[in-house]
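Engineer: Mind looking over this structure? Questions follow.
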Amino acid sequence: MSDFQREQRKNEHVEIAMAQSDAMHSDFDKMRFVHHSIPSINVNDIDLTSQTPDLTMTYPVYINAMTGGSEWTKNINEKLAVVARETGLAMAVGSTHAALRNPRMAETFTIARKMNPEGMIFSNVGADVPVEKALEAVELLEAQALQIHVNSPQELVMPEGNREFVTWLDNIASIVSRVSVPVIIKEVGFGMSKELMHDLQQIGVKYVDVSGKGGTNFVDIENERRANKDMDYLSSWGQSTVESLLETTAYQSEISVFASGGLRTPLDAIKSLALGAKATGMSRPFLNQVENNGIAHTVAYVESFIEHMKSIMTMLDAKNIDDLTQKQIVFSPEILSWIEQRNLNIHRG
């Protein structure tokens, strides 16, 4: 594939993603908090700091990976980096493969660091890149963490995608052992299982982003790029973010779990934190905001999102993220069936 074709593919991904709409129904709607009428705290008591062994985020919300590798996406990364700088959010760039292959593309990613020199930035590579390239990806952005995206359904629907996956787990193990910053194993919208969590724990992984279905749909994106558009029947493949977080429960004491995929509102973010996530990521909502409404409106959107999270936590009488994990939740029969059939051990306060 030529560099021009790769740039074109990057642009197609963003164009199709922006055209997708939020799911009408979400598993976040299948879980409810129990309301208690009189809080014992004030809004000003809320501490939204997200603390993991290696990363401290001012807020448990981050701009998740989407873009880079073309001139248009350079402009998007530039604007998102300004939003991150002005709001204190962490930010992940899209796959840096284009820059690792072609130095001419490096600026489409490094613009994020240029515009946000003191901020928290995650670099991003695929599970098949050599260790040396993973190290380069971290150095390229002076990144505080490295996402490794695992996207086998996307690759298999992508006309020119990868068809070989046997080496992925061993390669991830090599990268984790060599890279000095936290390595986050990131799904791309298909969710994670307890079996995968076991395998990742065995090779020393300490961070995952479960990225469940319900948000940006890469099966749909790649199917749109197929000549016959003949794999639309896989549109609903995978676990939701709620199901994925439940799948991780037994591993949350040893692996820091981030949640993304289909988060629509501050309440969805709070529900993710209550299920054990340490932070929540969104990509398309920020992408649409910054492209359609500009930087200032996107900053205001983020500030409002954070304030709404504080209001919800006050209603729940939760001073911090750890308190949220003790709050009572009522699940729908469908989610309870998932828990039972998957033999998940869910204990709450």
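Cβ atoms are placed via backbone N, Cα and C, with glycine included.
Heads up, here are the entries from Swiss-Prot:
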type	residues	note
BINDING	ARG9, LYS10, SER95, THR96, HIS97, GLN154	substrate binding site
BINDING	ALA65, MET66, THR67, SER95, ASN124, LYS186, SER211, THR216, GLY262, LEU263, ARG264, SER283, ARG284	FMN binding site
BINDING	GLU155	Mg(2+) binding site
Engineer: Tell me the Cα distance separating HIS97 (substrate binding site) from ASN124 (FMN binding site), rounded to the nearest angstrom.
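Structural biologist: Taking the Cα atoms only, ASN124 (FMN binding site) lies 8 Å from HIS97 (substrate binding site).
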Engineer: Work through the binding-site residues one by one (THR67, SER95, THR96, GLY262, ARG284) and name whichever has its CA nearest to the CA of the residue listed as 'Mg(2+) binding site'.
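Structural biologist: Nearest by Cα distance to the residue listed as 'Mg(2+) binding site': SER95.
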Engineer: List nothing but the largest Cα to Cα distance in Å, as a whole number, among the residues ALA65, MET66, THR67, SER95, ASN124, LYS186, SER211, THR216, GLY262, LEU263, ARG264, SER283, ARG284 that the record says bind FMN.
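Structural biologist: Largest Cα to Cα distance for the FMN-binding set is 23 Å.
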Engineer: Can you grab the distance from SER211 (FMN binding site) over to HIS97 (substrate binding site)? Cα atoms, rounded to a whole Å.
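Structural biologist: Spelling it out, the Cα of SER211 (FMN binding site) and the Cα of HIS97 (substrate binding site) are 20 Å apart.
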Engineer: For THR96 (substrate binding site), what residues in its own chain, 6 or more apart in sequence, show a Cβ-Cβ distance under 8 Å?
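Structural biologist: In sequence order, GLY68, PHE109, SER123, ASN124, VAL125, ALA137, LEU140, LEU141 meet the Cβ cut-off.
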Engineer: In sequence order, which residues at least six apart in the same chain have a CB under 8 Å from the CB of ALA65 (FMN binding site)?
Structural biologist: ALA92, VAL93, GLY94, SER95, PHE122, ASN124, GLN147, HIS149, LYS186, SER283
Engineer: Rank aside, I only need the closest one: which of the binding-site residues THR67, GLY262, ARG284 has its C-alpha nearest to that of HIS97 (substrate binding site)?
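Structural biologist: With Cα distances computed to HIS97 (substrate binding site), the winner among THR67, GLY262, ARG284 is THR67.
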Engineer: Around the C-beta of GLY262 (FMN binding site), how many further C-beta atoms are within 10 angstroms, looking at every protein chain?
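Structural biologist: The Cβ of GLY262 (FMN binding site) has 26 Cβ neighbours within 10 Å.
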Engineer: In three-state terms from DSSP, label ASN124 (FMN binding site) for me.
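Structural biologist: Its secondary structure by DSSP: strand.
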Engineer: Measure the Cβ-based neighbour count of ARG264 (FMN binding site), defined as the other Cβ atoms within 10 Å of its Cβ.
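Structural biologist: So the Cβ neighbour count for ARG264 (FMN binding site) comes to 16.
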Engineer: Which is it, of THR67, SER95, ASN124, GLN154, SER211: the one of these binding-site residues whose Cβ has the most other Cβ atoms within 10 Å?
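Structural biologist: Within the set of binding-site residues, the most crowded position is SER211.
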Engineer: State the count of C-beta atoms found within 10 angstroms of the C-beta of ARG284 (FMN binding site), not counting that atom itself.
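Structural biologist: Taking all protein chains shown, ARG284 (FMN binding site) has 20 Cβ neighbours within 10 Å.
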